[in-house]
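Quick one: the structure is below, and I'll ask about it shortly.
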Amino acid sequence: MLVGVVGQVSGKPVRVVLSGTITDAQTGETLVGASVFETVHQQGTITDPYGHFSLQTNPGEQELVVSFIGYETFRRTFDLKKDTVLSVALKPKVFTTGDVKVVGSGSLWNINSTQGSANTLTPRDIDQIPTLLGEKDVMKAIQMLPGVQGGTEGSSDLIVRGGGPGQNLVLIDGIPVFNASHLFGFYSVFIPEAVKNIDFYKGAFPARYGGHLSSVVDVTMKEGNMKKITGSVSVGTLSSKGLIEGPIKKDKGSFLLAARRTYFDVFLSPLYRSQFSAGENGTLGYHFYDMVGKASYRLSPSDKLYASMYKGRDILKSTYGESYDNNTSNSSVGINWGNITSALRWNHIHSGNMTTNVQATYARFDYRNLYTSDERNGTDSTQAVNRASFVLFSGVKQAALRSQTDWVLSPAHRLIFGAEGNMAWFEPGSSTTRQSQANNEQPPIIDGGDKIRTSGASLFGEWHWKMTDRFTLNTGLRASYFHVGNKSFYFVQPRLSARYLLNETSSLKLSYARMYQPVHLLSSGNGNFPAQVWVPATSAIKPETSHQVSAGYYTRLHHDFNFSAEAYYKQLGNQVRFSDEVNLSNTLTDWQTNYREGKGRAWGLELLLRKKRGKTTGWIGYTLAWNQRQYNGINNNRWFWYQYDRRHDLKLNVAHHFSKQVQLAANWVYSSGYPFNAPLMSYNGYPGFINYQVYDFLTGNENKTPGYINIAPGYNSVRMEAYHRLDLSLSISREKRLGTSTWTFGLYNAYNRMNPFAYRFSQGADGSTRLKKITLFPVLPFVTWNFKFK
């Protein structure tokens with residue numbers, strides 16, 4: 001046996017490795033998810049987040065086909081005699097009045113892959129979705145997929161397969177983002193022009209991901225142009241943006257810088273000041289900004305370094321002052337919150353079939369609420385001064401180190417394994433109050449401020465095994481450790497995915513995933529807290545858990561159409577909910593006592609028909625779903641419909657290219673109404689009454705005798721009206737000497753549907769009380785201008 005093995009190694013190799021990198025010929029940017037297909041033995045793969053691929057095949061003549069949407073297809077025949085490394089540069093496809101076609105196996109990849117419950121979005125997908133005030137948004141694009149809801153009107157939150165807003169792992173170049181939204185949830189933190197690729201998972205989670213229950217949003221930023229300096233500027237209804245990219249050293253290194261800022265404050269302050277009388281003054285301003293930077297440099301053919309950072313913040317501030325006689329008073333109120341992230345990554349290619357990535361990351365999120373007041377009496381230096389200030393702070397920061405290796409052992413076996421460790425510091429809430437009266441300074445009152453340090457580590461492994469030509473198995477295991485205070489938690493999280501090919505164009509998939517989440521996002525049921533408060537699991541509050549199974553059918557109906565149908569069932573444990581009766585912003589220091597733990601369950605069916613190629617592209621998605629929760633002390637401890645339960649959810653997105661210069665895009669959504677908690681009737685509760693007169697809040701027929709008692713048929717038993725909306729946009733581009741100018745005109749909520757945001761009780765002129773619908777957005781026109789330099 002030993003002689004046989006030695007002879008096999010020293011003689012002619014049984015297999016050879018064909019590996020390499022796929023890039024954009026014009027920019028040198030690596031292409032993520034490009035299809036690489038070897039036609040002789042009918043095997044293929046896609047490029048990883050660094051544009052790298054690896055195939056093992058027999059020696060001899062081979063034909064390689066490389067394709068990517070929007071690029072010309074690369075075909076070449078090789079006589080492979082030994083391990084070969086290729087660098088393939090794809091040329092962007094020239095648009096013609098005919099269909100844009102891409103040849104290759106890309107349209108079949110979702111059918112052949114074991115990965116289910118996942119979608120990949122590109123900048124092209126984001127660009128063709130009209131959004132509020134024309135601001136292109138990554139999260140709004142994801143919300144258009146089946147199985148995903150967006151919370152309340154306009155929100156960029158993700159509600160995925162029965163989960164909550166805090167159960168999504170959001171990554172930017174592998175760095176966690178604790179708060180991925182601006183403007184109290186209406187926009188996400190990502191600058192679309194700087195985004196390269198988005199991988200979205202809602203089930204069948206690979207073992208390399210962990211820490212959250214419901215979804216993974218893995219955003220990869222562009223690396224920058226390796227050939228020349230270029231950029232773009234954009235001016236819109238909401239914000240202005242700029243991007244510049246170019247080589248550090250041609251074909252070896254690149255950089256990218258992008259920034260965005262809104263200008264609400266430019267318009268708000270003049271309107272605010274116009275309401276003041278003589279002797280009054282003040283300002284009102286709100287804006288948010290984002291800055292992102294990335295650099296990469298190839299040290300050798302096998303080694304590449306990456307550095308990336310992000311900073312973003314929301315700032316809301318209001319001031320008011322008045323002066324009368326010799327007295328003056330000034331006050332200010334401010335709220336601000338934001339993220340800072342940074343990372344350093346080393347990518348090493350050991351050989352054609354093995355790569356390793358090592359990354360160090362840092363992430364921080366904080367929230368601040370500030371109030372100050374100043375009152376002065378008199379005009380000389382001895383005037384009495386009264387001052388007061390209040391500062392509320394909440395935040396979290398995390399430092400982590402991670403290593404991951406991808407090893408293609410053979411055409412039938414692939415291993416992905418690695419380890420990660422992190423330390424985090426949580427400050428759920430601290431407040432400082434200062435006062436001085438008549439120039440006498442009082443000692444500050446400090447409430448809370450305790451920092452909680454946690455540590456964690458994980459080992460993970462995935463084994464992709466092609467057992468037969470039709471059946472492929474992907475098994476995974478993630479073992480995690482989490483320590484806080486004097487308490488340690490250990491998690492074993494198995495993952496399993498299987499795919500069976502029915503024929504060349506259709507497959508069945510089955511998956512199971514066990515997930516743990518050792519952090520909680522606190523939010524109160526009354527929804528009066530604008531920012532996010534992250535807290536760790538403790539000895540009192542256990543980590544959240546989930547089990548999810550899913551089964552799906554995937555097929556290509558036509559050369560240009562892919563269809564999938566997927567059913568899922570999810571169980572959720574240790575679901576933390578802040579008490580409805582408590583104002584979270586005033587009780588941050590008591591978060592370990594003002595909560596309830598419960599459980600959840602969700603199940604449903606998702607359908608998706610998608611067209612990626614041609615003059616007309618887009619998708620239709622439909623979800624039929626059920627979503628329930630159960631907490632002790634709520635609804636008599638019985639199950640009730642979760643606040644994000646929606647029975648039907650239909651989404652249509654379509655974009656049509658009339659020519660290279662003109663594109664029309666539209667999306668239409670229809671959703672069943674969310675449930676909410678409200679009494680529907682009341683009766684007179686005074687003793688001695690026999691014939692109770694019932695009052696109906698929906699009709700307004702009220703028994704006006706005082707002392708009536710509200711009747712609620714069940715928790716979250718009332719439904720909002722159905723939600724539906726049409727958005728339209730028209731983009732017109734013109735080639736100029738220096739670049740391409742694009743004007744985009746659009747309508748958000750084109751037919752002016754007044755969709756419900758919330759409901760409240762309102763008393764009419766006749767004294768009757770009814771539930772009244774609160775709406776936010778009527779039809780809103782928008783216009784943006786973008787110029788992309790050559």
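If you go along the chain as it appears here, the first residue is 1 and each next one adds 1.
Placed from the backbone N, Cα and C atoms, the Cβ positions cover glycine too.
According to TrEMBL, the feature compositional bias 'Polar residues' maps to 429-442. According to TrEMBL, the domain 'TonB-dependent receptor plug' annotation covers 113-211. Residues or ranges marked as domain 'TonB-dependent receptor-like beta-barrel' in TrEMBL: 305-749. According to TrEMBL, the feature region 'Disordered' maps to 429-448.
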Where DSSP helix means H, G or I and strand means E or B, what are the helix, strand and coil counts for the domain 'TonB-dependent receptor plug' (113-211)?
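Counting residues per DSSP class in the domain 'TonB-dependent receptor plug' (113-211), I get 23 helix, 26 strand, 50 coil.
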Pull the DSSP breakdown for the compositional bias 'Polar residues' (429-442) and write it out as helix, strand, coil residue counts.
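Its residues divide into 0 helix, 11 strand, 3 coil.
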Would you mind giving the whole-number mean pLDDT across the domain 'TonB-dependent receptor plug' (113-211)?
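That region's mean pLDDT is 89.
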